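Worksheet: one structure, shown below.
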């Protein structure tokens, strides 16, 4: 069941990739993908290329994939391990969602962080109280880690 669904998503992704994202299996393992997300141009992540790993559970799509940033990113909803705080990867997951939609949601999270449900409270606090400092820090991390 899972592998059939994952194959279908891979075909759909190759046919119609989401804007500024790409994804596919690592080697021969269909349950382990790597994705790239281009930093949105209207965000401090602009110009960066962010690597993301995707691990599908055996009962996908009834359980969400595990998605994490491999590239360091300064963001209130992404911690130093790359874990992403995004409702659709947790309690809001639905089997109707696809990796394409997940990648687009991560892109929009880069543009519009959710400081009210932070994974890193200090960054969320900076985002709310000193937006200029947040944006310049996010920009310098992007240049340092995502433009190699």
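Each position is counted from 1, following the chain as shown.
A Cβ is built for glycine as well, from the same backbone N, Cα and C atoms used for every other residue.
Database features (Swiss-Prot):
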- 85: active site, glycyl thioester intermediate (ACT_SITE)
- 1-147: domain 'UBC core' (DOMAIN)
(Q) I'm checking region-level scores; what's the whole-number mean pLDDT for the domain 'UBC core' (1-147)? (A) 97
Q: List the helix, strand and coil residue totals of the domain 'UBC core' (1-147) as derived from DSSP.
A: 54 helix, 31 strand, 62 coil
Q) When a 10 Å sphere is centred on the Cβ of the residue listed as 'active site, glycyl thioester intermediate', how many other Cβ atoms does it contain? A) 18
